[in-house]
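**Q** Attaching a single structure in structure tokens format; questions to follow.
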Amino acid sequence: MTRRMLPFAVVLAAMALVPVFTPSHFYVNLTSQVAIAAIGALGLNVLVGHAGLNSLGFAVFPGLSAYLVAWLSTLGGFDPVSAGLLAIGGTMLVAGLFGVVALRATGLGFVMITMALCQIVWGAAYRWTSVTGGDNGISAVPRPGTGLLPLERPEVFLWLCVGTLALALIQLGRFFDSPMGVALRGTRDQPRRMSAVGYDVWRIRFSAWMLAAAWGAVTGLLYAWYHQFVSPHMMAVTASAEVLLMVVAGGAGTLAGPLIGAALVVLLKNLASIWIERWVMLLGCTFVAIVLLMPDGIVPGFGLLRAALARLRPAPAPKLVPRERADV
Amino acid sequence: MAFWVSQTLNALALGGLLFMLASGFSLIFGLMRVANLAHGALFMLGAYVGLALVKAGFGFWTAAATTAVLVGVLGGVIERTLLRHLAGRTLPQVLLTLGLAFIIADACLMTWGGDPMRLPPPPELAGAVRFGDVVFPRYRLFVIFASAAVALGLWLLVERTRAGAMIRAAVDDVGMARAIGVSASTLFTAVFCLGTALAGLGGVIGGPILSVYPSLDQDMLPLALLVVILGGAGSLAGAFVGAYIIGFIYTFGQVLVPDLAYVILFLPMVAVLAVAPQGLFGRRLG
């Protein structure tokens, strides 16, 4: 295990040990929610942080896979595990189609197209009542689980979520360090130069899109099994905005950022639901506050703080040898 | 036959409303490269403010004019105090306008409650007109003509006046426009005011047709985005054509396949993006 992964291992272990410290299902379930949200935020971070593609319709992936698994395992008559696999496969198919459409544009065009795509699927979930149940959604979604792995118990379900989160962290950490990850950041910063030196910018972006969609689909699966209920609200603009808030608040482009952001947003949302009713207002105010006060997010914010502290220490003596000019 | 005629008129009315919403969005986008995601919320705010003014005893026309001014001023304040600091930074702009949209929407819900309300049309436009066997509400006919008049007015403003020449110059190249003496700062605020005022006016005009309810913004913003994706950002002609295309598809979709009215909106978007990624009338904006 590398030194960089150590803090993640400690945090994940702490999350997995929550049931040991408290018998209360409330905290166990809250931790599951954080883990599920963090997987989705990690997925969106591939697009926002590393590809420079600001998607405002990310909730469409969790939404599609949650609806698929819910429909397949209740009305479709599949058992939960094969319904889950089919749901992920189906979501990837639709994501491929949506990717071809959305990646016709970048920048603000991409923002608008992803938002419109998500709204169209939301509209289908909301209005196509004969299939999706409309506003009532689909309830009584069965969780998988056998004698060996009783997933209906909150602590076992939490371990599934934390285990999946660990997988996501390892896979994405390796991806970001890989040549592909570096090329992806290249297309974010200098698409024309990357194209000029022979990279297929579109294909790299499409791969990133599909990777994000895959983790989004996993989130949706866990979400449907956790709540055992799906409704159109999980694809509303506010839902996409919440995931984006997790990424931006934590720090886009970092590995720890989405995790911290997810914890913050889930805790804030739960606290808000206890004391005040106006979650949407709070969400809006948080957006405005983040943009005005902490535009880079928490993790880079800490980096800046550390740099500022380091500057207080005496700097090493300057080298006497004249340095080479950097610009030639 | 009567069915097709009256649905066509409905589609024209919806298209006109969408034009009022999308043209402001598109003008702002073209000039400032800002996707104002609060546009739908401002449309809804316009509808609510108009309704409140009508309930307070003002006439419909006074209410509409006052609302347009109020929402326009609010837009100007947002541009001057918040958006201006974020020039050229896409993600913060998106977050800020989205955050404002949530705040405005929730403030409307807090102030006016969650029940749908009907904004009564002005008394001189109540009732219906008959052409043969087609009976059509007089107010919707008014909306069709009013939105066409707004479109004509905007076209004259942009293409035939000095201010419009400045706008076109700044859309093409802000730096060069500045260099020859166009005050981009004033222009940005003016266009933002104009765009948001159109949204507010659209809200009041649309109120009697769409009725006024809390998720009106979430219903209208995606339609406006589709119009802009279809027509091309920054182009008035694009907003005009796109608005009527979406108006027709959505109206007939709702009548013929009510369950999938939203889903078939996907088709024109895919078709246009496949052929012209920057929209039918759009240019590649830097």
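Every residue gets a Cβ built from N, Cα and C, even glycine.
Curation plays no part in TrEMBL annotations; they are all automatic predictions.
Remember, it's a predicted structure, so these values are computed and weren't measured experimentally.
Sharing the feature lines straight out of TrEMBL:
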- B:12-30: transmembrane segment (TRANSMEM)
- B:60-78: transmembrane segment (TRANSMEM)
- B:90-112: transmembrane segment (TRANSMEM)
- B:139-158: transmembrane segment (TRANSMEM)
- B:179-205: transmembrane segment (TRANSMEM)
- B:225-253: transmembrane segment (TRANSMEM)
- B:260-281: transmembrane segment (TRANSMEM)
**Q** Quickly jot the same-chain residues contacting the transmembrane segment (B:90-112) by Cβ under 8 Å, restricted to those at least six beyond its ends, or write none.
**A** 34-38, 40-42, 44-45, 48, 51-52, 78, 82-83, 212, 214, 217-218, 221
**Q** Please indicate, using numbers and ranges, the residues of the same chain that are 6 or more beyond the transmembrane segment (B:60-78) and have a C-beta under 8 Å from a C-beta there.
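**A** Non-local partners: 38, 42, 45-46, 49-50, 53-54, 100, 120-122, 189, 192-201, 203-205.
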**Q** So which of B:179-205, B:225-253, B:260-281 is most in touch with the transmembrane segment (B:12-30), counting Cβ pairs under 8 Å?
**A** B:225-253
